[in-house]
């Protein structure tokens, strides 16, 4: 109002009307201000109530949040402790697992080495098995040959027995022949004195032939076998009275000599057979020892036969060299296996 210029009034009525109008204006402004104040106060109270309610809610929420915060702090502490505990347990488990892993790797390496050793041992055993099979096959072959040879020797032993009987019979016949020859010589001495000169020469030739036959010359075996069965008319039985011709006597003496040589050869073969039996027993023990040593040592090497005399060469080692079979006796016999002694005599 101080700032406003008061106009100049010409009359009091104008001044009064002016001040009334101004008072009404201020009154209206006051009324508006009071209404605004009342409205502001009401709004302030509402706002205050609302703010108080919000404050209460905020405080409640703050308390709840603080409680939640405290609970979460406790949970965080518990989780930290649990995490530390889990971490310690995990570290221990990792350490244990690492130790187990290292031990497992070591065991795996050992198992690999053991498997390689087993494979090598298996290969050695297979080689030893093959060598043993070969040795057993060789041994079976030699055993079969030895059995065959023993069968041949048994047959020859039987033949030897029959030959011994024949030799004894021929010895008896030779003794009888010698006795008869002595009688004939005495008779020839008697007749030589009374006979002419030409018969004397014939008798001398006959005497030389008889003396040669008595000395048992080494005649061929073929002749002995050809003349081993002369006619019954020429051979006396020891009880008859028919005389023997000189050729028959010589053949009989040759047969006796051949039979004696056969008996000697059979005795040599028997000695060789005994040596073979001894060598077979020692070789069997040697082979069994070598087979056991080869399987235990897993060397798989076949024992060498060099340096050992085969039992088939025993005849040559013992100095026994059998004669070839005669054409009359050896033609019907089966051939012996290679390396074996000839069985015919």
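Just so it is clear, glycine is given a Cβ too, placed from its N, Cα and C backbone atoms.
As recorded in Swiss-Prot:
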type	residues	note
COILED	27-190	coiled coil
REGION	56-166	region 'Self-association'
REGION	64-189	region 'Interaction with KATNB1'
REGION	114-133	region 'Required for interaction with PAFAH1B1'
REGION	175-345	region 'Interaction with CENPF'
REGION	189-256	region 'Interaction with YWHAE'
REGION	191-345	region 'Interaction with NEFL'
REGION	195-256	region 'Interaction with KATNA1'
MOD_RES	215	phosphoserine
REGION	217-240	region 'Disordered'
MOD_RES	219	phosphothreonine
REGION	227-278	region 'Interaction with DISC1'
MOD_RES	231	phosphoserine
MOD_RES	242	phosphoserine
MOD_RES	245	phosphothreonine
LIPID	273	S-palmitoyl cysteine
REGION	316-345	region 'Disordered'
COMPBIAS	329-339	compositional bias 'Low complexity'
MOD_RES	344	phosphoserine
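The Cβ neighbour count for residue 273 (S-palmitoyl cysteine), using a 10 Å radius and every protein chain shown, is 19. For the coiled coil (27-190), the model gives a mean pLDDT of 91. Here the region 'Interaction with KATNB1' (64-189) is broken down by DSSP into helix, strand and coil counts: 126 helix, 0 strand, 0 coil.
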